[in-house]
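> After the structure tokens below, expect a handful of questions from me.
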Amino acid sequence: MPEVLVLIERVEVDGVREVTKPSLELLTIARRLGDPSAVVIGSPDADVAGTLKKYGAAKIYSVSTGEGAEDAGVSGYLVAPEAEVLAQLIEKTSPAAVLVVSTGRGKEIAGRLAVKTESGLITDAVDVTAADGTPTTKQSVFAGSFVVQARVTKGTPIITVKPNSVTPEEVDGAGSDVAEEAFAVTISDAAKGAKVTGAEPRKASGRPELTEAAIVVSGGRGTGGDFEPIQAFADSLGAAVGASRAAVDSGWYPHSFQVGQTGKTVSPQLYVANGISGAIQHRAGMQTSKTIVAVNTDEEAPIFELVDFGVVGDLHTVLPAATDAINRGR
Amino acid sequence: MNIVVCVKYVPDAAADQKFEDDNTVDRIGVDGLLSELDEYAVEQALQIKETGDDPDSTVVTVLSMGPEQATVAVRKALQMGADKGVHVVDDALAGSDALATSLVLAEAIKKLGAGPGWDLVVCGMESTDGGMGVIPAMLSERLGVPGVTLGSEITVSSKEGGAVVRIRRNGDASTDTIEGTLPLVLSVTDQSCEVRYPSFKGIMAAKKKPVETWSLGDLGVGPGQVGSGAAWSVVESAIPRPARTAGEIVTDGDGSGAKALVDFLASKKFI
Ligand SMILES: Cc1cc2nc3c(=O)[nH]c(=O)nc-3n(C[C@H](O)[C@H](O)[C@H](O)COP(=O)(O)OP(=O)(O)OC[C@H]3O[C@@H](n4cnc5c(N)ncnc54)[C@H](O)[C@@H]3O)c2cc1C
Ligand SMILES: Nc1ncnc2c1ncn2[C@@H]1O[C@H](COP(=O)(O)O)[C@@H](O)[C@H]1O
């Protein structure tokens, strides 16, 4: 079977670098298309390699530039070096596809790679399947109102996949014959033009990651700036907290929690919108949630067109009462 | 300094968005406007000009590729304060994908730079009509200059060896500071500034500002390199998602709303 290159993302959690969940999701998707080859920038430690094997990596490329600290030749710059790494690996392996996580970063890497290798690009896939040996993707477009099926017709299919598109699956008996291969690259000076000169890690919120949470409780302008009832209700459900752009623009909640077109896309089992009117740009980020609930004083609010259950009422009274009931075991 | 701002004419998000029979986005049948996210690019370009060392000799050129009606987007940017416009329009462009779009924009930028050169290309973070957010990175790749993208705060400072653009970028795991030396491609988010409204004076002045119209021939791009026929990926189907069926709505009174909410969540096994 042909190789499928999967660009692995790692994040630092309490000083330890871990593989992100969306990267593991890519390994599961890659297995439908061929043999997953995990591409790790810098050398993976034993834990990372173990995780990658457990989730089905048939091969691991540990990429180094020989420039001092582990992966300084790549990670000290913005995306262009990663695209060069993948271009060199495509040259070497002629893979069936390249899979990258659909984040701002991931999409830029993929876009550059498509130009470099004259290959078709599909971004924001929510599903990838193999049909007649070529990958076929599904995307959710126009604020989730259409599902588009597409296919790459030129070069190596380069596909960015949204987080939460599949559940990562462990592979039985995996790991014994996984090859780890060092891959040395040279990064051009041209790729080093955009330099990362500082990074402030995000503070942990103590709540589930917004894009990965099973339940998301969001607040909008209707909170009037008080997110306390939103957070307390979220905590009673073990949920992540989200916000509308109106709430973010007013400085009531940080931008990294914004749900919508210019924020995060979430697709949880349950989405609870409180004091949010349901503008098209907000819907774009939550419309594919399985169950939608809203609390809003205005019975005409467009959000009510989407809901499975809605309460016409004031969030400042409804939410604390509901939180109480849940915390008391109803 | 010469600044090029790339702006896209997009269907109004408030209108019904739909596909044509050939699975391309309907851009003709609906009202369109300057993409709201590209207004931030125009605003940043104007602020860079106005706060720079030499506003009088800084030229902000708006560049748009799109159908006839896309002049609406160019005009709006001129009303905000851009100096001149270039509109690339050609029947062969219909259905172009990101790769073709970036090719045409890159060639247009090179042509613009043929005289005095260009220093800075400013883009929005993504097109509001289901854009991919990849054009700025592709332009940087095609033009062979750094791409400093998704800036939520932008500063430009002169340094030895050329002006430096520094941005803050909100990533998933961290907030990064990123910088590059001109010439480069910059993209900016809707967090980066407040966008100005065109003033009456600006609207009047825009009427006299020059807008050039270029065809593919002017750029040395062949019709076979763009359009739906040259796309490197195909859409096989576009199916409307079934409308959500209306759910149950209750009106709160004396705490009944909270109880009904909790009962609903319990019935769905969320608690
Ligand atoms: C290019 C572009 C991108 C955008 N991207 C995003 C995005 O990513 N995410 C996003 O959210 N928006 C985005 N927007 C903005 C979007 O259009 C809306 O303006 C925004 O979503 C409105 O936020 P809201 O619903 O909180 O506020 P509003 O629309 O003002 O609604 C507030 C709601 O709260 C209700 N309310 C008031 N008081 C109470 C109370 N006490 N209890 C209960 N309900 C109450 C009101 O009835 C009302 O329905 C974008 C806009 C543009 C142009
Ligand atoms: N047809 C176009 N004409 C001019 N600029 C464009 C065009 N398409 C995209 N852009 C620019 O590229 C940015 C990102 O677009 P996209 O990759 O389509 O999401 C936009 O915000 C614009 O600045």
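Using N, Cα and C of the backbone, Cβ positions are placed for all residues, glycine too.
The domain 'Electron transfer flavoprotein alpha/beta-subunit N-terminal' annotation in TrEMBL covers A:8-196. For A:R221, A:244-245, A:258-262, A:275-282, A:N296, the entry in TrEMBL reads FAD binding site.
Describe the structural context of each listed feature in the structure shown, including burial, neighbouring residues and relevant distances.
DSSP assigns A:I276 (FAD binding site) to coil in the three-state reduction, outside any helix or strand. Taking Cβ-Cβ distances under 8 Å and a sequence separation of 6 or more, the neighbours of A:I276 (FAD binding site) in its chain are A:S218, A:G219, A:G220, A:R221, A:G222, A:S244, A:H282, A:A294, A:N296, A:I303.
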> Which of A:Q258, A:Q261 (the binding-site residues) has the most other Cβ atoms within 10 Å?
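Compared across A:Q258, A:Q261, the most Cβ atoms within 10 Å surround A:Q258.
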> Taking only the residues in the domain 'Electron transfer flavoprotein alpha/beta-subunit N-terminal' (A:8-196), give me the average pLDDT of this model.
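The predicted confidence over the domain 'Electron transfer flavoprotein alpha/beta-subunit N-terminal' (A:8-196), as a mean pLDDT, is 91.
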> Identify, in sequence order, the residues in the chain of A:A279 (FAD binding site) that are 6 or more apart from it along the sequence and have a CB within less than 8 Å of its CB; answer 'none' if there are none.
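In sequence order, the residues whose Cβ lies under 8 Å from that of A:A279 (FAD binding site) (at least 6 apart) are A:S244, A:P302.
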> Looking only at A:R221, A:H282, which of these binding-site residues has the biggest number of Cβ atoms within 10 Å around its Cβ?
A:H282
> Taking CB atoms only, which of the binding-site residues A:R221, A:Q258, A:Q261 fall under 8 A from chain B?
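Near chain B: A:Q261.
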> In the three-state scheme derived from DSSP, which category covers A:H282 (FAD binding site)?
helix
